[in-house]
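Enquirer: Next up is a structure, given as structure tokens.
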């Protein structure tokens, strides 16, 4: 891999780590800031909403800015926002730093992907994007558990200092090593996005992505209080559980592509959401058990399998969306990212409401219902696509018959 790609991937690693960081430190942040865990969880919500809205808007407004200058500006602001988080006196100011960091991240990641595709020849664009995605998945495997371990051992502010330090390193590498890149001539316009959204099947597919992430992130955002409630582990020891789940998530992402090709995208999604629904319900059922070594093992296995199966659906969802409109693949993936980040925000809101109004014991039940909704959307989407295909086939047959009669 060219060193320039490594630089961009390292920046994506920093952004991905920052995105997931709060989830591993939620009880610590809430206690130090003097707010309920459900309120602290809205830091994740704010990050997700800001990214979802900021990414398409800023992509259009900065489309003709020099790539290197844009990347440099974004990563500098990102690093400063995380450094500021180290010194904030109140929760209000912490929310401000998360907002600024999310804005910078919403510029950096798509710009890094676009830049990566220009660093390699067109035949290797897939490898270029994969390199940036490797940085993001690396954040799940290493960044989240490392941030959790550092934060729980030395204080949550230290974890933000760690992310800021990585941001400084990336800043220096971009400034002195990355070549200057001319922006692409083609920019995805708002009209292209709106025209794409006019297709019902596409809206259903995007809704599946949104609902799926609401369910997954309702668990992930509040995973530390959930695991602390279910197991006898300390917060530091749970960092290893997060690492194991991260490895399983990456394995699921890789395996998902293979199973999607073998079983078919829609069949895989039905199986994934059925399992996720049942697994989520298990989290609430396990609340009825007494803490023990056996329960620790069961919970760890359930959470690791949750990561594995959940990420099986990621490539399948992207593949399904692109298959609905192959001529608009770029627009499809762009809008899917917006749907995913809105889902991340929604998960923070739903999980926070469950903890604030009810109890964490009900979280599994609520997430199970959300996953059931995702499953229902998949089944509806499948039937609509089949209906459209059948109508197209019938029209084609009618044309052939008419031609034969003539």
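Placement of Cβ uses the backbone N, Cα and C atoms for every residue, glycine included.
All TrEMBL annotations are machine predictions without curation.
Quick paste of what TrEMBL says about this protein:
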- 4-386: domain 'Major facilitator superfamily (MFS) profile' (DOMAIN)
- 38-58: transmembrane segment (TRANSMEM)
- 70-89: transmembrane segment (TRANSMEM)
- 95-116: transmembrane segment (TRANSMEM)
- 128-147: transmembrane segment (TRANSMEM)
- 159-181: transmembrane segment (TRANSMEM)
- 202-224: transmembrane segment (TRANSMEM)
- 230-256: transmembrane segment (TRANSMEM)
- 268-288: transmembrane segment (TRANSMEM)
- 294-317: transmembrane segment (TRANSMEM)
- 329-354: transmembrane segment (TRANSMEM)
- 360-382: transmembrane segment (TRANSMEM)
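Quick one: how deep are these features, and who are their neighbours?
Expert: Within the same chain, residues 19, 22-23, 26, 29-30, 91, 94-95, 98-99, 101-103, 105-107, 109-110, 193, 217, 221-222, 334-335, 337-349, 351-356 sit at least 6 positions outside the transmembrane segment (38-58) and bring their C-beta atoms closer than 8 Å to a C-beta of that stretch.
Counting residues 6+ beyond its ends, the transmembrane segment (70-89) has Cβ neighbours under 8 Å at 8, 11, 14-15, 18, 62, 96-98, 100-101, 103-105, 107-108, 111-112, 115, 157-158, 160-161, 163-164, 167-168, 170-171, 174-175, 178 in the same chain.
Beyond its flanks by at least six residues, the transmembrane segment (95-116) meets 5, 8-9, 11-12, 15, 18-19, 22, 42-43, 46-48, 50-51, 54-55, 58-59, 62, 67, 70-71, 73-75, 77-78, 80-82, 84-85, 88, 128-129, 131-132, 136, 181, 184, 334, 337 of its own chain at Cβ-Cβ distances under 8 Å.
Sequence-remote contacts of a segment are chain residues at least 6 beyond its ends whose Cβ falls under 8 Å from one of its Cβ atoms, and for the transmembrane segment (202-224) they are 20, 22-27, 37, 41, 44, 48, 148, 196, 235, 238, 242, 269, 273, 276, 280, 283, 303, 306, 310, 313, 317, 320-321, 324-325, 332, 335-336, 339-344, 346-348, 350-352, 354-355, 360, 363, 366-367, 370-371, 373-374, 377-378, 380-381, 384.
Counting residues 6+ beyond its ends, the transmembrane segment (230-256) has Cβ neighbours under 8 Å at 24, 27-28, 137, 140-142, 144-146, 148-149, 152-153, 223-224, 268, 283, 286-287, 291-293, 295-296, 299-300, 303-316 in the same chain.
Among residues of the same chain six or more beyond the transmembrane segment (268-288), those with a C-beta under 8 A of the stretch's C-beta atoms are 208, 212, 215-216, 219, 226, 229-230, 256, 259-260, 295, 298-299, 302, 305-306, 309-310, 312-313, 316-317, 320, 360-365, 367-368, 370-372, 374-375, 378-379, 382.
Tertiary neighbourhood of the transmembrane segment (360-382): same-chain residues 201, 204-205, 207-208, 211-212, 214-215, 218-219, 222, 225-226, 229, 266, 269-270, 273-274, 276-278, 280-287, 350-351, 354, selected by CB-CB distance under 8 Å and a gap of 6+ residues from either end.
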